[in-house]
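Take a look at the structure below.
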Amino acid sequence: MATAASLPKKRCEFWDKCYRKNKQHLEEFLHPADTQNVGEFEKKKPRLVHDISVGDDDTDDHSTYKTQTNFATKRKADENRTDAKVAESTASTSFHSPSKMARVEDSDEEKIIVDFSKKNNAGSNKAERKTNTADSKVSPKPAETGAGISTNATAAAPQVIQYVSKKEKCKYWEKCYQTNKAHKDEFYHPGDDISATDDAENKMTRGQAKAPQNDIPDGSSVQFDSGYTLKREGDIYSCTCKGFLIQRAPINERTCKHLKEYLGDQHEKARVEKNTKPKKAHISSHININLLLAHKYDEKATDPRGWWISEKLDGVRAFWNGRCFYSRLGNAFYAPEWFTKDLPKDIHLDGELFGGRGQFQSTVSIVKTAESPKWKDIKYYVFDAPHMGKETFEKRMNVIKEYFEEQEPKFAVFVEQTKCKSKEHLDEKLTRVLNIGGEGLMIRKPNSVYEPTRSKTLLKIKKFYDAEAIVIGHERGKGVNQHRCGALRCRMACGKEFSVGSGMTDKNRNNPPKIGSIITYRFQELSNSGSPRFPTFVGIRLDKTEPEDAEIRPVLDEKDT
């Protein structure tokens with residue numbers, strides 16, 4: 001093949017304005033600075049084989065003839081090799097690649113087009129020549145089955161149902177300014193053939209049943225004449241209209257007027273309601289509440305005959321407002337839905353979240369954990385209905401009892417009340433409760449109303465006394481507890497300090513209540529110095545922020561005598 005240096009230079013299209021200085025460009029194109037003149041350049045044009053004059057005696061023409069003859073021979077050999085490679089490729093591959101066209105222009109008189117396509121059905125590629133007098137295009141050969149392509153019938157295309165939508169009256173009527181076709185196809189205006197009577201009749205008969213009035217086969221689509229398309233994939237229906245696309249709900253919870261028109265209003269309503277998940281109502285983390293609180297029982301001041309007796313539960317006080325549990329301070333306890341589903345939504349309840357006698361600490365741990373599966377280990381013991389505060393205690397109890405007998409809630413218990421016959425009867429009940437590990441008794445005045453404060457109509461009776469203190473320090477343990485907390489240093493409401501370690505579990509010792517926490521401790525009596533005798537740690541109080549001392553008269557201590 002002739003090199004660029006052996007061929008005559010072409011005139012640079014930029015001529016005297018060309019800025020390129022690289023050697024290859026200067027050798028390939030003619031510029032004003034070259035010694036060769038323009039007339040010689042235009043006189044000597046590159047010629048193809050059939051343009052060569054054998055009788056030309058000019059030396060330059062003879063050299064050009066040799067060069068062009070070598071070029072033609074080389075090109076013919078390249079074409080033969082190309083045909084062989086394409087034929088080999090056609091037999092060994094079955095995939096089709098886009099055709100690539102290479103165009104070579106050697107002169108104004110002849111054009112050569114080479115097709116390097118690797119299509120199986122096109123056969124071997126050949127160079128086809130066209131003269132400038134024949135502008136016909138190359139027409140491909142009919143497609144033939146290539147290697148690796150299955151001849152089995154392909155699956156049928158999804159069915160497309162054409163549907164003429166029922167036009168609705170444009171709400172702007174004669175004032176409508178829209179002129180686009182989509183709007184006119186969807187709504188009718190003054191002068192259209194569809195009348196308002198027909199439209200009203202269509203609306204009356206549209207979608208009266210929950211079954212679809214027009215079915216869409218799975219995988220098929222419905223083409224509205226207004227341009228919108230309904231599509232079904234399994235149980236999911238969709239539409240291409242803006243009213244459907246702008247919705248933020250999950251796709252199976254959406255609908256639009258086109259789906260309602262084709263499938264029916266009632267069917268769409270039932271379908272959407274079935275797919276829509278119930279939304280969780282917002283529950284406030286804190287509310288302001290006031291509950292009925294008890295005073296200490298004084299046997300000299302109160303005659304218990306006729307009062308209602310129930311066991312004092314050692315649990316967590318909880319108020320139910322129909323949606324959530326709240327502590328005495330109004331802080332929310334987030335119980336699982338399965339725990340509260342049987343509780344009334346229109347009755348407020350007052351009770352105790354109770355996990356069993358002696359399980360106060362575990363109960364506190366459970367109610368502090370939102371929606372914990374361990375809620376199954378506790379129950380809600382109901383003993384009053386605050387929303388019926390103006391009614392007597394007996395009437396409030398009857399309403400609660402009727403609800404529990406009818407609904408039989410799985411995780412709630414109605415606290416039975418026993419009428420006290422005498423002081424001896426009360427003592428017997430207290431002894432029985434203490435023997436089974438209970439904390440004490442609660443007695444309520446008959447015919448009393450619900451007072452949202454501490455009231456003399458509710459009294460508590462306990463063998464042991466409970467009080468609250470604030471943690472001011474941690475004492476190092478001894479023996480097996482030498483590397484963890486041995487006791488809590490606490491301060492009573494009166495300012496008296498004491499230590500309590502009995503009743504603390506391994507978990508409490510490894511992770512003791514923080515300084516500043518309010519704890520409940522239990523004791524038998526107070527010494528002469530005012531310190532609790534045999535204090536026992538009960539647990540952390542979630543519903544109190546200040547310490548509170550027990551109401552008890554000091555007794556003589558052996559060490560003080």
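Along the chain as shown, the residues are counted starting at 1.
Cβ atoms are placed via backbone N, Cα and C, with glycine included.
Whatever TrEMBL says is automated annotation, not expert-curated.
Record features (TrEMBL):
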REGION    73-149  region 'Disordered'
COMPBIAS  75-86  compositional bias 'Basic and acidic residues'
COMPBIAS  102-118  compositional bias 'Basic and acidic residues'
DOMAIN    228-267  domain 'SWIM-type'
DOMAIN    377-465  domain 'ATP-dependent DNA ligase family profile'
Next item on the list: Summarise the model's confidence over the domain 'SWIM-type' (228-267) as a mean pLDDT value.
Entry: 92
Check: With DSSP helix as H/G/I and strand as E/B, how many residues of the domain 'SWIM-type' (228-267) fall in helix, strand and coil?
Finding: 17 helix, 9 strand, 14 coil
Check: Can you tell me how the residues of the domain 'ATP-dependent DNA ligase family profile' (377-465) break down into helix, strand and coil by DSSP?
Finding: 32 helix, 26 strand, 31 coil
